[in-house]
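Engineer: Right, I'll just put the structure down here and ask away after.
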């Protein structure tokens, strides 16, 4: 019984650090607006985001002096503004913390801006991992 106490204490003290990993089907529903945008299929998106963030909406990654946020790993160097990087260009005009929730509306709008400016290869996982053989990424209900 004693080893359970520290685990319980950690889950009470740090409830906000729990990851929210979406399934392919959940993500397909949330990303409807992106399907076919700039000729990128939903299966390409699911594959790319799986290899970018593990489909985790709350993930942050520190990367060469900037931080990347959420399922799309949106950087505070250019796309959003954070406390750590208040000098960001903030092209998406959004606080980075907004990309760490399960409401993907603002994430999708920013992803569309990134796509318009840089294309799908902005997400480095796309070209080597998500350019072909995408059947496994389709939502099958």
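A Cβ is built for glycine as well, from the same backbone N, Cα and C atoms used for every other residue.
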Engineer: Which residue among 64, 103 does Swiss-Prot mark as N-linked glycosylation site?
Structural biologist: 64
Engineer: Counting other Cβ atoms within 10 Å of each residue's Cβ, which of the disulfide-bonded residues 25, 47, 96, 110 comes out lowest?
Structural biologist: 25
Engineer: Can you tell me how many other Cβ atoms are located within 10 Å of the Cβ belonging to residue 139 (disulfide bond)?
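Structural biologist: 14, counting other Cβ atoms within 10 Å of residue 139 (disulfide bond).
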Engineer: Cα distance, residue 25 (disulfide bond) to residue 96 (disulfide bond), nearest Å?
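Structural biologist: One finds 25 Å between the Cα atoms of these residues.
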